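Student: Got a structure for you, written out below as structure tokens; questions coming shortly.
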Amino acid sequence: MSQPSSRSAVGTILPTGLMLFALFFGAGNLIFPPLLGAASGRSFIPVMAGFLATGVLMPLITVVAVSTSGEGILGLARRVGPRFGLVMPLAVYLAIGPLYAIARVTTVAYELATRPVLELWGFHDSRLALLAHVTVFMGVAFGIARSPSRLADRVGRWLTPALLALLALLCGVTLVMAPGVEREAIEPYASAPLTTGLTQGYLTMDVLAASVFGIVVITSLRERGLTSPRRLVRGTILSGGIAAALLGLVYIGLAVLGTRTRGQITTDTKDGTELLRNAASSTLGTSGVVIFAAIVILACLTTAVGLLASWAGYAYTAWPAVSFNRQLAACAIVSFTLANLGLSAILKIAGPLLNLLYPFAIALVAVTLVDAMAPGRLRAAYQWCVITAGTFGSVSAITAAGWDGPSRLLARTGLWSDSTGWILPALIALGIGIALDVRLGAWSTPVAGEPPSQVQHDVEHAAASQL
């Protein structure tokens, strides 16, 4: 029994972990680590520690938190309150869908893949070239997303190994052939390496994506026979661990690549696209640029398809009067419009939005993990911790938008940081909320005979549209 069971477990967990890695690995996963490596100088270790914390560890914890609830972000958010349960999921899906993430992967595919290949063929970068790329890329993504049956599974089995092999080739050749480039750390990497790494990890969007992709993993494992809650959580942890380990290795490899790639780095440098192009052309030549471009296109295309389908599945669940395909088309049109603004403009718009959403999402995940250890169902802890985190997180969002008045006022306490200042107030609020739940009996009162919620049914319906 053990041997077949072991084979079955490997055949279930490994493809699911590779699938999750493929869903996560998109635009930010490519463009930010090389910049961190090049800009951090001797602060490489603390910068990468912060980046891995928010770019790898927190997404893993989020996937596990979703698995303990079985309801996805819709169900988790409703634990804070009915209105929050409507607004928070909508904001997250908009951020990872039509208002940012899809447009970002589209423009990154242009910067890293289409543009270098066009330059090899003698064509120059232009708004027309970007428009043509966005039109073709979004059209293909839309066409695939209309029927995404089993896409994630096929990606995990075929695309992920190829992607990992080529990335390993690029990083390995760069390590062997390219000497290290001595650079001094630039601001803010020099003065605040850890918090800067944490903030850059936000930009991968993986915590927000994990709150959506987590239910995809759950549904996939259920279809493969892991139906009991304990086996489901264990399978999610193992699958998430595989994805997190691969993400961490790739991030470190790309960051080291950044330390060995020539290119000017200033405080105005927003991402590592130029570093990656230089690494591909200087180490693997023309063929390397073409191969790398193909892998970038496929990686970004797969992510775009998954995000398109995620939004359409959620939107169809929320507004069933509008068909799945119409929701998909609307998302593609909005993403098409934003993608034509270019990568720098998209990243400028995204900063305040991510600084606002991340404290909400991380606090919600943290309380969910505490709730999983409680015999009962927490109530006050959700409200106190999540609302407090979001309130202080809004100060970071306002600062990112260009007004630092509230941030300067809080900085007078000596305990405030624009990227992490919300954590201490959220922890205090969590303690107060737990104390209230203990006093009111919510901590120790088991939730007996609770039927499967409509939220869980709706989430599984939305997730099924991605599989």
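In case you wondered, yes, glycine gets a Cβ from its N, Cα and C as well.
Got these off TrEMBL a minute ago, pasting:
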- 12-32: transmembrane segment (TRANSMEM)
- 44-66: transmembrane segment (TRANSMEM)
- 86-106: transmembrane segment (TRANSMEM)
- 126-146: transmembrane segment (TRANSMEM)
- 158-181: transmembrane segment (TRANSMEM)
- 201-221: transmembrane segment (TRANSMEM)
- 233-254: transmembrane segment (TRANSMEM)
- 289-316: transmembrane segment (TRANSMEM)
- 328-350: transmembrane segment (TRANSMEM)
- 356-374: transmembrane segment (TRANSMEM)
- 381-402: transmembrane segment (TRANSMEM)
- 422-440: transmembrane segment (TRANSMEM)
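Have a look at these and tell me how they're positioned relative to everything else.
Tutor: Long-range Cβ contacts of the transmembrane segment (86-106) within its own chain (Cβ-Cβ under 8 Å, at least 6 residues beyond either end) map to 26-28, 73-74, 77, 80, 133-134, 137-138, 141, 205, 208-209, 211-212, 300-301, 303-304, 307-308, 310-311, 314-315, 318, 330-332, 334-336, 338-339, 341, 343, 346-347, 349-350, 353-354, 357, 360-361, 364.
Sequence-distant neighbours of the transmembrane segment (158-181) (same chain, 6+ residues past either end, Cβ-Cβ under 8 Å): 18-19, 21-22, 25, 38, 246, 250, 253-254, 256-257, 259-262, 279-280, 282-284, 288, 291-292, 295, 298-299, 302.
Among residues of the same chain six or more beyond the transmembrane segment (289-316), those with a C-beta under 8 A of the stretch's C-beta atoms are 22-23, 25-27, 30, 89, 93-94, 96-98, 101-102, 105-106, 108-109, 112-114, 116-117, 120, 137-138, 140-142, 144-145, 148, 151-152, 155, 159, 162-163, 166-167, 170, 209, 212-213, 216, 276-277, 280-281, 322-325, 327-328, 330-332, 335, 461-466.
Through the fold, the transmembrane segment (328-350) approaches residues 95, 97-100, 102-104, 106-108, 110-111, 127, 130-131, 134-135, 138, 141-142, 145-146, 203, 270-271, 273, 304, 308-309, 311-312, 315 of its own chain, all at least 6 residues removed from its boundaries and within a Cβ separation under 8 Å.
Among residues of the same chain six or more beyond the transmembrane segment (356-374), those with a C-beta under 8 A of the stretch's C-beta atoms are 54, 58, 61-62, 64-66, 68-69, 73, 76-77, 79-80, 88, 91-92, 95, 202, 207-208, 211, 381-382, 385-386, 388-390, 392-394, 396-397, 422, 426, 430, 433-434, 437, 443-444.
Same-chain residues lying 6 or more positions outside the transmembrane segment (422-440) and placing a CB less than 8 Å from one of its CB atoms are 359, 363, 366-367, 370, 374, 376, 378-385, 387-389, 391-393, 395-396, 415.
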Student: Taking pairs 6 or more apart in sequence, does the count of Cβ pairs under 8 Å between the transmembrane segment (44-66) and the transmembrane segment (233-254) hit 3 or more?
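Tutor: They do touch: at least three Cβ pairs between the two stretches lie under 8 Å.
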